[in-house]
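Annotated in Swiss-Prot:
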type	residues	note
TRANSIT	1-65	transit peptide
REGION	191-212	region 'Disordered'
COMPBIAS	195-206	compositional bias 'Polar residues'
REGION	276-315	region 'Disordered'
COMPBIAS	305-315	compositional bias 'Polar residues'
REGION	341-385	region 'Disordered'
TRANSMEM	406-426	transmembrane segment
COMPBIAS	468-502	compositional bias 'Low complexity'
REGION	468-554	region 'Disordered'
COMPBIAS	503-523	compositional bias 'Basic and acidic residues'
TRANSMEM	574-594	transmembrane segment
TRANSMEM	653-673	transmembrane segment
TRANSMEM	678-698	transmembrane segment
TRANSMEM	761-781	transmembrane segment
TRANSMEM	791-811	transmembrane segment
BINDING	G910, P911, S912, G913, V914, G915, K916, S917	ATP binding site
Amino acid sequence: MQPPTRAPFFPFSLLRGRKARETCTCRSVASTEGPNTFGPRARPGCHAHQVAPSKESFHSSAFQLVSASRLSPLMSSCFVSFLRYPSFRPSAPFSAPPSSSTVPISTPSDFSHSAPASWRCVPTAPSALHAPFSFTTQAAHLSSCVFDGCSRLPCSEPGSPQTLQRALATTSATAFLRTACMSHRLRRRPDAWTSGCSGQTDNATASPCVRPLLRPPVDTASRAAANDKDAPQPTCFWRNARTSRAVHRNQTDMNFSSFSCSLRPCRHTLAKAAGHHAPLSRHSLQSLPESRIRGGTVSRGDSPGSLTLSPRNMSSDAMPVHPLYFPSAVPFSTTSGSNSSTFSCPSPSSSTSSTSSTSSTSSTSSTSSTSSTSSTSSTSSTSSPFLLSRSHSVDCRACPVSRAPPNPTSLQLLFSLFPFLWPTALKDRLRVLGSVACLVTAKVLTIQAPLLLANLVDAFQVLPHNSPLSPSGASPSSGDTSLLASSGETSSSLSPSAAPAEGAREAGKSGESAGRERRDEGSTVRLSPLAEGPASPATEERTAAGKAGTSVGGRDAGAVHALDTEHLRNTAQIVSVPLGVVCGFPVARIAATGFNELRSTLFTRVSQNASCDFSCHAFLHLHALALFHDKRAGELSVLISRGMKSVTALLNVLLFQMVPTALEFALVLYLLGSKVGGPVACITSLTMAVYVAFTAAVTARRTKIRKEMIAAEQQSVGLLVDSLANAEAVRFFTAEKGELSRFEAVQRRYAEKHVSVNQSLAFLNFGQQLIFNVGVLGSLAYTASQVAAGLLPVGHIVLVSSLLLQLAVPLNFVGTIYRETSLNLADLEKLYELMNHHPPIVNPPDARPFVLKGGAVAFENVRFAYPPSPLRPGSLPSKTGDDEKPEASRMLLDDVSFSVDAGKKVAIVGPSGVGKSTLIKLLFRMFDPASGTVRIDDQDVKELDLHSFRRQIGVVPQDMVLFNDTIEFNIKYGCPSATDEEMRAAAKQAEIDDVIMRMPQGYSTVVGERGLKLSGGERQRIGIARCLLRNPAIAVFDEATSALDSHTEQKILKAFRAMARGRTTLVIAHRLSTISDADKIIYLKEGKIAEMGTHAELLEKERGLYRALWESQQHQEQEEAVSTPDLTLS
């Protein structure tokens, strides 16, 4: 199957904990004076750590730069110090220190030595930025600023006081890493490396870039050196690699070593030209801002100007290089080391295939470029995993769906989960290995426990008959009573009523016979390993006592002494011999349990990480589908939750049930066959075969019933969620009883299926226990017959029973494994059906990043019709574009062509259903037209990266749906990195700030489900504030005032006009009074453009469609105005 769409701002490889550190060292050198190149639509800069400046840092002679950490173009006081450009001559209220070439914007009147913490002071001595700066990036941590979509600065627009305020808001003291389009420039102009952004780049090749804010001040000496024709003129510029590169316009003096991570110092430095300046102190480097990417330190480099940025101290503007943000054409490569990776990119000489390889520098550059190119195309293990964009199914183990074919079988589904068993993260791999080790150890201890128990029984079997723990020692009336009778008779001979001498001789004969029996017993071989070997000392003493009884006969005192000695020695032997066996059995059981719990603890994190990654992948995939028209939200939630649980359950089945159960079966059968005999092993094998066959047959039936139950549950939950979402409609139409009857019918069907599942489970459990216990009965009967015949010791009965009971656990797991695996595969199959839906729109393989030039929009001969039905699971998306030519009768849009110039306002009107909103979807590329082209700034949207141009478009829809969260969250959704001040400024322009502040909780007020706690006008104005905060280049309003009253409409129109100022605006309007000031009005009828022109031009047409609609609305408004007093009086 085709891998599902991966949004370029969702790096799944990071979810697995894979980390790679990439280090590049670059130099920031003095820039030549050029025109100011700030554009009108700067994206707001991101948060940075606020450092309160000291009083000394504001001394004018130190050439300080004061930079705002986060200023919005919406705010009226954006004061940032910047370096002067010859083309910009600031006027009041700007002033420049006479002794400095820097031209700071004057700060607010209350800005004094106790400046707010949001202002930072950065020394700008000539040596401050001339030393190499070492940037260390780590792609495992990203800022939320990555996900906000704000426009960038075009490089070619001239500066002006109006646009300067927007432009400066994007810069900060850490502007070394900036967003731009490097690969586009490299493909179209390889020599762009030497042109930079000095104002000489033409518009065709100009890419969005931002000049470095922090530049060393150019004093008189440096200006004199810059005017020297022989001196190389370095130029700083910025690319999508977010790395500052310094190159020289003088090609013969290039000394950059193929832009590798160790750029050689330039021969001409400002330090030589301005040697009177003191070197940069360490304190000034540490005053540079730390980032929002969570804490960090500034490491001390090799030189005073060295700075190391990591994800802990790097600004969100300094986003790390990641393959998801680069097309494959970016000529970067890496050489991975133990802890870092170095960047390299081809030099101008190798890129343009020049012949300037006579010098050593050019040769070095070409060599490095060659190795860079080969490293780029290489997929060896030494290349960095974070530089080249690879296929989603190869780069990401978090999405096994991309490895499964359409409509996969159960075996294919299981194999698709195997990558989870060997994760990418080293810690997770160690957890898996530890889990396997604990599993094997627990199984060995589990099998060893029955053996220890059998040895314990055998140890008691070989005890002496007259020991205290033996039957003979426990009762004087049992066991071997000959010696006790002898002693009793001997003691009676000492009594006053002594027997005659004949009695003594009979006692002597009895003692002699007892001695022979004891000698024979001492030489008997026991049926136990513990009985093998020479006779024990107690047996020898009993034999000696027998001999003494024969020789002495009536010497009763000697017999009594021998018996006492024998009892004392046997007691010591009983305590010492079986104690280890007695303790070994419980210790083995406890250790096995401990290792099992440790295994579960180690693997839980691995399985939960896998489930989390899989759910994130499914979540992202759902957002790429046009699927929600056919499935209820409740059904989708149940489907995804069950699918996630099935992933975790199946991972445990694969690693801890299938293989361990087979291993335990083999061990048990081997022990039974070797210790007890082949018949017992055969009986056990037959029992297992019948058990498995019965379980498979019953579980197959249960799986079918379980699928029906799951379908009924999904329908029940979907109906519940759908009914609750439309609770107001239910109350309005008094349909509570109808909804209850529908829900009751679905619930009863679910209950019936649930009862069937439980009944089949009870039958399965009873059958399993019956089969198993019959097998146990047969094995024990055979073992007992062998023990009774004297062929096996008594302990083997315990061994067989223990092993069979031990085998009951995996036998039960065989049924559980088969049953749960079948059910989990059924749940996972449903999820795979959803995941196998292909998104209607995907990025092209060679997608280009969008280059903003102003925001002009053009539709050229567009024809479009919606697909007749949604995609079926596993089917490929239907062809769209020039290959498919639907009939004109089915066309929603037929040969529509118009253009919107940059910064202009165009309105689209017409009856309902003519395709006005469809134009917005085509502009966003939610669908592709059947024919024709949609262009933005002369770039076909089919050839662009989806997110690169969608970030430049802001939409205010007709039905504004808000998240069930706070107002602050909903407004900042347009730009999550915005500050509270920027949010308030956007809300004020949207005429909603006063309403929010009157609420008890202000911006922390929760808006409710879909924002139903707010009125329609309030939701619309929150949507406008969100779009204002996003600051897009193209603004789209889709009938945003059609359902509002006139008073609210006027407020929203005022916010519209504020937002549309300086932006390309596309308005779909129902009320013509709202678009009378549009630069162009397009009237659509039956999928075609019927009329086009300005408001005045269209009204001049006598029988024009627009004029008729205008007159109709004016007449309706007049009637409403006349009837309003009557309604109020009544």
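Backbone N, Cα and C atoms are what each Cβ position is placed from, and that goes for glycine too.
Fair warning: this is a prediction, and the values are worked out from it, not measured in the lab.
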>> Name the residue among the binding-site residues S912, S917 whose Cβ has the smallest number of other Cβ atoms within 10 Å.
In response: S912
> Looking only at G913, G915, the binding-site residues on record, which one has the least crowded Cβ, with the fewest other Cβ atoms within 10 Å?
Replying inline: G913
> If you take the centroid of the Cβ atoms of G910, P911, S912, G913, V914, G915, K916, S917, the listed ATP site, which other residues of that chain have their Cβ within 8 Å of it?
Replying inline: T918, L1084
> Counting only residues 6+ apart in the same chain, whose Cβ is under 8 Å from the Cβ of P911 (ATP binding site)?
Replying inline: K1085
> 10 Å Cβ neighbour count around V914 (ATP binding site)?
Replying inline: 20
>> To see if you understand the setup: which same-chain residues, six or more apart in sequence, place their Cβ under 8 Å from that of G910 (ATP binding site)?
In response: K916, Y1083, L1084, K1085, A1090
>> I want to verify one value. Collapsing DSSP to three states, which class is G915 (ATP binding site)?
In response: coil
> Any idea what DSSP makes of G910 (ATP binding site), helix, strand or coil?
Replying inline: coil
> Looking only at Cβ atoms, how many others are within 10 Å of the one on K916 (ATP binding site)?
Replying inline: 20
